[in-house]
Amino acid sequence: MRRPTPVGRVGRIMRSRIRRHPTAERARHTKTSPGQHDPRACYSTRPNPTPQIAMPELPEVETTRRGIAPHIEGRTVTEVAIRQPKLRWPVSEPLAAAIQGKRLREVGRRGKYLLLGFDSGTALIHLGMSGSLRIVKPDEPPRFHDHFDIAFGNRVLRYCDPRRFGCLLWVESDPYGHSLLASLGPEPLGEDFTPEYLFQRSRKRRVPIKQFLMDSKTVVGVGNIYANEALYMAGIKPIRKASTLTKRQSELLVAQIRFVLQRSIDQGGTTLRDFVGGDGQPGYFKQQLLVYGRGTEPCKQCGKALKEIRMNNRTTVYCTDCQR
Ligand SMILES: [Zn+2]
């Protein structure tokens, strides 16, 4: 079996570089004829009016990884406190004893899972619908939804999750072979996610292209918002059958999926400091979206009203003219 590209080390280079509003320097809106337009030019330099994302998606999980890693990597676990073991799945019972006194090698990520790698095994954390992690001081009193702490001396990794759809599991064997990770598709920013891969994978698939992209077996981390945005950027109608995707469109789609995710991760860089400290929810950043949350508003490329439909029970927004 081919091992997925690990994500852990990439962020270290970024560790001390907190980027400030990279989009501010991006191209201004310029008017060109439909078809020749680069949708990236539609991002305005004004503050973003769209609502904040509530559910952690891949960029938020990667931002979390970068936010917490510098504070805990290489440090030894001094205490584990599980206040509420009933998360989506019960917190693994052997976990506390297994990591006590052990040194955390690395904070990695696979899809939307964070992997705390110890020599004795791996703690798998998923943030679910409403989970967040932050670094607090040991004397910071836990709040109602703070379900577990992993203390590393004077730095405590604290998990908060009002809806309790997240998880904390202990895996002693190869974590990539765990049932939650084994069937995951390639990382969207990794080298295995190529236009050729997407093209071949989409053959004979009769589901709508948007649903196909949101399937974690196709590619991980393309949630509803990013699927809407990337399909708009690539000029592809979300309701088309996946099998109708051409090679050229596969190229455009891979490029735009990478672009929208990378752009969000870059924007998340401005929030890294929010992971340290006691108050508030860290790191889930506002971002500029071109179609999601803008149903019936004018398309930023052609001016026609966007169309909003429900597909597979998810909000789907697209332009009937710019997307084919
Ligand atoms: Zn349009």
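Yeah, the Cβs are placed from backbone N, Cα and C, and that goes for glycine too.
What TrEMBL says about a protein is an automatic prediction, not a curated fact.
Copied over from TrEMBL:
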ACT_SITE  Pro56  active site, schiff-base intermediate with DNA
ACT_SITE  Glu57  active site, proton donor
ACT_SITE  Lys112  active site, proton donor
ACT_SITE  Arg314  active site, proton donor
BINDING   His145, Arg163, Arg205  DNA binding site
COMPBIAS  12-21  compositional bias 'Basic residues'
DOMAIN    56-166  domain 'Formamidopyrimidine-DNA glycosylase catalytic'
DOMAIN    290-324  domain 'FPG-type'
REGION    1-53  region 'Disordered'
Which of the active-site residues Pro56, Glu57, Lys112 has its Cα closest in space to the Cα of His145 (DNA binding site)? Pro56
Arg163 (DNA binding site) in three-state DSSP notation: coil
Using Arg205 (DNA binding site) as the reference point, find which of the active-site residues Pro56, Glu57, Lys112, Arg314 has the shortest Cα-to-Cα distance to it. Arg314
Rounded to a whole number of Å, the separation of the Cα atoms of Glu57 (active site, proton donor) and Lys112 (active site, proton donor) comes to 7
Can you name the residues of this chain that are 6 or more positions from Arg163 (DNA binding site) yet have a C-beta less than 8 Å from its C-beta? Gly128, Met129, Ser130
If you draw a 10 Å sphere on the Cβ of Lys112 (active site, proton donor), how many other Cβ atoms land inside? 22
Which residue counts does DSSP give the domain 'FPG-type' (290-324) for helix, strand and coil? 0 helix, 12 strand, 23 coil
